[in-house]
């Protein structure tokens, strides 16, 4: 009897935790996209600053715009509503929700942006910075892009 109680307790705890934890395995699997890649994209965007608010229409540690959030499927915090005016900002400011939004965006737009024959984290970084429809431009073409690329390289020196 105790064995079953333990299993039910563990399952109950797991169910509660699962509502809030980000697990890439729970999301759609994409080629060469893992938690480290998404963390590096967060780092490239803002240094993954969890205290960053909204600046010039871009919110949170991933610097997500409202258009990006809508395009990514309007991910929500638990028990939130899409109709609520602050739903976008609240999601973008909260790491786990913003993380899910980014993965949804990569799922929608994932492709080989730099045309090297493989879709990998560099491509997802380009998608995040340039946008899904126009991911091909090199990141080093602008001052902001160069800073983003430098932060990305600090996190993922494989490129």
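Including glycine, each Cβ sits where the backbone N, Cα and C put it.
Annotated signal peptide per TrEMBL: 1-18, in sequence order.
Packing around residue 121 (disulfide bond) is summarised by its Cβ count: 21 other Cβ atoms lie within 10 angstroms of its Cβ, all protein chains included. Annotation source TrEMBL lists disulfide bond at 37-121 (among others).
Taking Cβ-Cβ distances under 8 Å and a sequence gap of 6 or more within the same chain, the neighbours of residue 48 (disulfide bond) are 39, 42, 61. Per TrEMBL, disulfide bond is recorded for 42-48 (among others).
Residues or ranges marked as disulfide bond in TrEMBL: 54-59 (among others). A strand conformation is recorded for residue 54 (disulfide bond) in the three-state DSSP classification.
If you take the C-beta of residue 91 (disulfide bond) and look for same-chain residues 6 or more apart in sequence within under 8 angstroms, you find 64, 69, 75, 76, 77, 80, 97, 98, 101. Taken from TrEMBL, the feature disulfide bond applies to 91-97 (among others).
In three-state terms derived from DSSP, residue 48 (disulfide bond) belongs to neither a helical nor a strand segment and is classed as coil. DSSP assigns residue 97 (disulfide bond) to a helical segment in the three-state reduction. When each of the disulfide-bonded residues 37, 42, 54, 59, 97 is scored by how many other Cβ atoms sit within 10 Å of its Cβ, 54 comes out lowest.
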